[in-house]
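Among the features that TrEMBL reports, transmembrane segment is placed at 35-54, 61-81, 101-123, 135-158, 164-183. Residues annotated as domain 'GGDEF' in TrEMBL: 233-365.
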Amino acid sequence: MQQPGGGADGMAPTAPGKGAFASAHTRDALPRVIWRYRTAGMAFGALAIAAVLVEQGAGPLRWAFCLATGFAWPHIAWWLARRSGSPFEAEQRNLVFDSVLAAAWVPLLHFNLLPSVLLLALPAADKINSDVPGLLRRSVLPALAALLVAGLAAGFVFEPASSIPVILASLPMLLVHTMMVSLQRVQLLRKLILKNEALGRLAQTDVVTGLALRGHWEREAARLLERARADAAPAVLALVDVDGFKQVNDGHGHLAGDALLRAAGALLLRTLRPGDAAGRYGGDEFAVVFPDTTMAEAARLAEAYRAAVQAIELQQAPGLSLSVSIGLAEARPDHGRIEDWIQAADDALYEAKRRGRNRLVVAAAADAPQGDSIA
Ligand SMILES: Nc1nc2c(ncn2[C@@H]2O[C@H](COP(=O)(O)OP(=O)(O)OP(=O)(O)O)[C@@H](O)[C@H]2O)c(=O)[nH]1
């Protein structure tokens, strides 16, 4: 028969992302994250153990051990990790010790089946969940040794039958562990999705202007043309080109040129309405699709943008007068491909340049020979 003792187990679902590939930030935050899980897990482990101890009529030593490992160990583990020069390594030792504590309890509980299985299985699951390579393997021998030593010290008594009260007291440990692991996985998945979305946006965004990159814009513009044709709805494509941009580069340097592109891009983004699609089409050329928009409305928006560009003040070139030329083309039934629509707007842009720049030109209707100048 063994001596009275008592204790909790190491049911501490570990945080995901703390493996070999975890970032330095994640690694530093690990002890605090695990501390929360360990505190909850140990407390529920202690509940299951306490149920068996009650049935055993265990003495004060075992109860003290139960309280110490159930309620003191999580805080000791956190303290050990925090004072360590390498919290990540210290936390790995703590995780191994979770298994040692849990395994030591198996003979002390007389191999009471349900809590014993949970005490061995859940810490093992934590090691796998931790994603630390080899951690499960490293914890097996110390756990077996702890089981053996505790068995030798307290005697190997085999009473595997779990009573209903013990089963009921063990369930919270199982349920809480399962829920915590699931929650962690969901949180990780959500973070991953958000990061992937942000990366996707980054990969589709021009760093200078903040507008969509050409390929991405073209796909979106093609989709909007398709929609306009299917719904027989009006839509307008605008091509914007900065006037005399080469002179800005040549006269004030490429940094000034970049600053102009950045300012013009930001201004364009502010001019747009939700649903409008803007992109950087080329060096100093931007493109916008105004879906569900009449030419009159698109021209009003484009004109507002043209006028606003004139007010841009470049720090690198104070007093420099800036302007853009804009070509506008309405989506037409004979625009079978996005290239046709772009070509129509480009012709209008060319016309705006030809007529002296700093103006809007609307592409000629299918049967008209000349574009309309608006500004
Ligand atoms: N600073 C800077 N310059 C760029 C960038 N991309 C293209 N360019 C330059 O933009 C200039 C475009 O010149 P052009 O197409 O001749 O245009 P422009 O001088 O505005 O002439 P017009 O359109 O006829 O008024 C070229 O000198 C390119 O080297 C960029 O990201 N940053």
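Just so it is clear, glycine is given a Cβ too, placed from its N, Cα and C backbone atoms.
Of the recorded ranges 35-54, 61-81, 101-123, 164-183, the transmembrane segment (135-158) has the largest number of C-beta contacts under 8 angstroms with 101-123. It is 35-54 that, among the stretches 35-54, 61-81, 101-123, forms the most Cβ pairs under 8 Å with the transmembrane segment (164-183). Counted with DSSP, the domain 'GGDEF' (233-365) comes out as 58 helix, 31 strand, 44 coil.
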